[in-house]
Structures are given as structure tokens and as C-alpha cells.
Amino acid sequence: MEYLKITNASNVTLHRRGISINGDLHLTTHHLIFVSKINSRLKELWICYPMINHLEKNLGSSLIDLLTISNDNDNTNNSIPSNGINLNNYNNLSANINNNASTGESIDNLDHLKNLKSLYKGSCLKIKCKDFSNLSIDFVDDKICQDVFDSIIKLTCLSTIEKLYAFLYQPISLEKNLPLNSWFIFNPQNEFKRQGLNLLINNHEYNSIPPLYPGSNSWRFSNINLNYQLTPTYPSFLIVPSSISDNLIKYASKFRSKQRIPTLSYYYKKNGCTITRSSQPLTGLKQSRSIQDEKLIDEIFKSNQIINNNNTIVINNNNNNNNNNNNNNNNKKSVRRLNLIIDARPQTNAMAQTALGAGTEIIDNYKNCKRIFLGIDNIHVMRDSITKINNILKDSDILKNPLITKDLLEKTNWLKYINILLSSTDLIVKSIHFNNVHTLVHCSDGWDRTAQVCSLAQICLDPFFRTIEGFAILIEKDWLSAGHRFNERSGHLSSETKFVNNCKLSKSSSKNSNLNQTSSVFVNSNRSYSNNNLNNLYKNANLNNDNNNNSNLINSSQNSSTSSLNSTNNNNNNNNNNNNNNNNNNNKNSNSPFGFSLESITNSESFNQATGAFYSVSNHFKKQKHLKFTSPIFHQFLDSVYQLLRQNPNKFEFNERFLRRLYYHLYSCQYGNFLCDNEKERVTKKISERTRSVWDYFLARKLDFTNQTYIKPFDLDDYDNNVIIPNSEDIRWWYQLFGRSNEEMNGEYDRQNALMKNFVIPKQNGKQIKSIHSFKTSDRT
């Protein structure tokens, strides 16, 4: 409780989805809780602190932003949304905000505001959450608002994960009474046995006992990373070819970034083909090579091969159910196919890594292989994309339906990146299922893009991973155990750079202090009006300074700012001109609710120096704790699974709500699964002993997350019917996750798609033109 300056605030106004509601705000050590005072659909609203992505403190009510929206539409000649408020005529602003808030009515239905002056009393907090819910809270008393602001910072910006909610959370009886501890839902030995591998046979017995499936005896557990000595970012268990010794693995690891060697991710028992994963090779500018790395990959790609009497390599495409010799002969194909080394990065990015001592494989050094680049951009590009989406939805606190257009959505490139992920998945699935080839997948470090495409491919190939239990095992196996950096990518510990106080006044400590300390200005980064619009707003509002208690902050701003600006002008070499400018500024101040005009601030030297000091402090925070490695990697994976669920609604046991709730608990920090960056950290911090597993939440409420249209596979070995092929052209916005309607986000896409169904694609030279989204292996080489 030492972090809490205040535990409750009475008589605040919540703005959410265009609705204003009066109520009380409560602060606990783990949640921000709003309790409504009126009879509305929203009784309580709980926000866990790690869910807060951005917080701003502004002077005045949140509804001031409505004026900004109106001015922006006027300046760009854009029409105001039908749900917006037309504020062109400021003299008509007269509606009772308080009455509206007491009844929980929509802000969008207000024709005018009762008293524009009341908007500038008190302060507000604007909260943007990681689950795309935006809200703002108005406070009558600025000091209370400041105490809440400071408390949220202390409770959100933490030094260690042990201070997160998961270490305090006490499960309800529904979760406590589960028969199994879901921390152990993933058992490596059981899972790979389910896939068809025989990992219990000693090496000398392989030749005497026939394999149950093609190459099922060709793999073994290695204890080389038992104490995470080989690499701290890999699990303690590694599955490698049985013909490869631990000594060779040790030398091969020196050739891979972070020592993340090629290791088995998935075995496809239909034909014995595999998905293996690793990090990038350390080829560098000298084009280095590793004989051990080449030997390891060669053994992986030969794991399901049989040498016949003619000393010819064949691929056994037979399963155990076919005992007929004719069938066996038909299923053995004496064709040599090129196995795939798949680099998930764009080719230019991979080549740029050579200057840093890394890069991509020199394909001539690897037998019977072909390299493919998937063209998936890095974490920074994905973070920029999701930031653009957040900017589109930023006014969803005060607007019921913020302006969302197809053009704005397309500029984010989000669906483009989902398209690339599904196209990449399509390539891997078809290569393994139809072409009987092995795939080795890597990106740079092998824990972001690699995890995405490997997981998606397994979901398409194996119906078990489309069940609730199987999906949980997949996340544990290919994301948690394989070292996806959940803490770093999710930004659980947050940073001070996410918190902005736009109405903080920096007061001088003495009359003769330096200009860097004497400036006293009002800086509001997001409420940026043009000079003319802002002055016209003040003029038309006919606001006069008053002595109301709620206006003390504004009056103090006026006095300190005018004094500071006068001091700055007196120290300037051109005293006469500056004094005249200062008198002009004072005249303009009479119409300003803040006591000074925009010109008087921006033209002053103190403003420039104060701005410089602000950025200096900001950069200081960034050096101490920055968030430049956050990225929506797991979000993209869940979005891609959502697309597969849309396209194949009968083949998934879980529903859309399951994916959406899993996304929520990625950031809630209520459970321990997603708090660390690798398995070693979880073991060291004893996460499984000190927190609950997120799978408790879903297994205890399994019926709520079960897809009612799910059809369980009749035969798990019916591979052709069980495999699903992604359609990278059929992609839609996951509107439920973004808290919007399907019409808002997909309406224009659906209408365009309906028109295209009636459009016949022309032919050239007798061949139908392919879609621009069509995926060809040759395009990725």
C-alpha cells in the first residue's frame, strides 16, 4: 500500500464507448475499479494495471477532445461522423453534461454543451489499454487526479515480475477443484509419443525393431541442456536425431545465434517428415561454415529415408495400417525431393545480418536443400502497425463509433502481415503433407516469427492442436518452452515513458534561477490546436476568469506563466520589442481559459528550453527502462488462428471467445505462464509453485469456450481429411478483439467481396490470371 497516494475518488465521470457515467473510483494494489452510481448496464469496471498501455493526464474534461475532432475535420475538409458532435457554432454549446452523466446517456446524442467553461475545470485521465479498450475519467479536483495519476504509475511501472498480480492472485473454488495441475499439461515425452515417435528405445535396438511410423525410431532425447548450460533460452529437453552425439551438438551450437541449434518441433507420422526450428547461422562476411551444423541438418532430413537393395534412397509414405506389399511398394517413391530451409525474414534483412556476423545459410553447403525467404518483417514493423490501429481507435472513449474507414485500416498493413503469415503456413503445410519434404524454420533468434509459422503449420496438420487441451500444449511447447520472450514482447513491467502529464507546471525555485528552472508552461502534446482555431474557440466561448475553487489550477497557471514569460522577456537583449510582445500577449490572455495564449508560449525562449528539458528527462527514462522490444507477435499468432477458425468453423473445439480471453490474460498478469522470457527464468523464479496456470482458467470453464459447431475427427489417421489448408485471401478484421462491430471494420470488405463474386476474372493466353495474393514457392526463393 506504500505505492498508493489515494485509495478512492468520489464523484468522477467515466467516458467509455461514447457513454458518460458518474461514479466512484477505487485503487487497489492490483486493479483500478470504477463503480457506477447510477442504474446502467455498466455496474463495475475492473482494469488490471499491466493492461494499461498509455496514460495521459490533461487539464479539463475529456470532452475537450471533441473540439479537437471537430477542428481536425474542418481543417481537412472531412465530414464529421454521423455519431459525432458538430461544434462549428460554439455559441450553441449548451447541454447539461452532469445530467447526461447521471443517466448514462450517450455523448454522441448531445446537440450542444451547457457551458463550455465547465469543460476546463478540474482534470482528466485518458487511459489506453492493451486490449484496445479506451476510457477517460474526469475529476473535479486536480489534486485528486494527480494523486491517482502518481499512484497508477507506481503500481504499473515495476522493477520485477514478483510484484505482478499473479503472485497475489487466489483462485476461486472452480479452479482449485480441478483434478489435474495444469502447470503440467505439457509432458514432452507424452506429447512426442502421441505424435508417433518412439523415444524410449536404446540406440543399439533401432536396427532390430521395425519403426511404427516412418523414421519414428530416428530421434532421441538429449540431456545436453538439462541445466540450461548449452543455451538458457531453450528448454531442458531437446529432441535430436539419434545418430547425432551430444559432442557434435556442442560444436554445432557455436554456429547458431544464441546457441539455438536445429531441434525437433513436430513429427508428422503420415510420412515421417518434420518441422525443426533454430536460430540464424553465424556465417558473417567471411561466409563461415560449420561441418557439425551441416551434419546435424543432413541427419534431420534423412530421418525418414530408407535405402533399398539398389542403394537408392526412397521416402516411406506408408503408415502402420497398410500392410499390403503392393501398397507398400506404391507408397515408396524413388524421387529425391529438395528439403526446405525456411528463413522467415525478408531476404534483405537476412543479408544485412551478415555485417553483424550472422546471416543465412550458404545453401551449397547443405545437401539436397532449397532455401526460401518468407518475407515476414521484424518486431519493430509489427509494433508500428498495431500503433496505427490504436491511433484509429483512440477516441473510442468519447465517441461511440469513431471514424473507421477501409483506407485508414489498410494503411496499418495489419491484414497484409496476417496474409503473409497464412501464406507461409500454406507453404509449410503443403510441403510436408503433399510433397513429403522436411522443413527447417528460423528467423534471427528463432523465438518470434519461427514460433508463429511452426505453430500455425502444426494446427493445420494435426487436429489435436485444434482442441482446447491440444492448443494449450502447443503454446507450452512451441512458445513457452521454446523461449518466446513474453515479458519483453508484452511490456509487463511497463515504463515511465508510457505516462504523460500534459498539465504539469514546472515552477521556479527562486527568482534568480536559471531559465531551465524558471519556465512555467502548460504543455499538452495530444490536444494540439492550431493558433487560429484555439483563439477562435476561446473567443466564441466568451470565457472569463473566475474565482471558483475548481479553477484554482487555471488561475495559478495564469499567474505563474505570465510571471515566467515576463521574466524571460526582461532577460532578452531586445527589451522594448519583447515588452510590447508581452503586453500583446497579456491582452490575448483575457479570452483564454488558461490565462495565456498559444502564441505567448510558443514564441518564448522559456518554452523552447522547457521542451528541451522535457525531452531530456524523457530520454533519461528511455535509457533506464525502454519498451523498444515490445511487439504484438503472439497477438498476430492468435489473429491468424482466428482466421483459420473463421475458414474452418467445424474443425476447432474452441471458439472465438477462447482466443480473445487468452489474449486478455496475456496482458492481465493474473496467471504465471506469460510472465517470463524462457523456461530457465520460470524454473529459477519457481513460477509453477508461486502462481497459477492460465489453463486452470479455461479448463474450469471449458463449456464457455467450446465451439458448438465442432465436429470431432472420426479417424485421427485420416490425414487428407484432417489437414486444413489456409486461405490467405479470405482474411477479415478480428473485430471482436478490437471492441468494434463487424460492419465498422469489415463492412466495406464484405461488400467488395460480394461484388467480386459476380466478377469473372479475364484470361490471358488461355490461362486465368492468378490473384495477387497467390503464393508460389519460387517467389520466396
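For all residues, glycine too, the Cβ spot is worked out from N, Cα and C.
Curation plays no part in TrEMBL annotations; they are all automatic predictions.
Features of the protein shown, as given by TrEMBL:
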type	residues	note
DOMAIN	182-738	domain 'Myotubularin phosphatase'
BINDING	ASN378, ILE379, CYS443, SER444, ASP445, GLY446, TRP447, ASP448, ARG449	substrate binding site
ACT_SITE	CYS443	active site, phosphocysteine intermediate
REGION	533-595	region 'Disordered'
COMPBIAS	533-592	compositional bias 'Low complexity'
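Taken residue by residue with DSSP, CYS443 (substrate binding site) is part of neither helix nor strand, so it is coil. In sequence order, ARG345, ASN349, SER444 make up the list of same-chain residues 6 or more apart from ASN378 (substrate binding site) whose Cβ falls under 8 Å from its Cβ. Listed binding-site residues: CYS443, ASP445; maximum Cβ neighbour count within 10 Å falls on CYS443.
According to DSSP, ARG449 (substrate binding site) is assigned to a helical segment.
Within the set ASN378, ILE379, CYS443, SER444, ASP445, GLY446, TRP447, ASP448, ARG449 that the record links to substrate, no two Cα atoms are more than 12 Å apart, and one pair reaches that distance.
Counting only same-chain residues at least 6 apart in sequence, those with a Cβ under 8 Å from the Cβ of TRP447 (substrate binding site) are THR233, ARG260, ALA482, GLY483, HIS484, ARG485.
Highlighted in sequence order, ALA344, ARG345, THR450 have their Cβ within 8 Å of the centre of the Cβ atoms of ASN378, ILE379, CYS443, SER444, ASP445, GLY446, TRP447, ASP448, ARG449, the residues recorded for substrate, and are not part of that set. Neighbour density for ARG449 (substrate binding site): within 10 A of its CB lie 27 other CB atoms from the protein chains shown.
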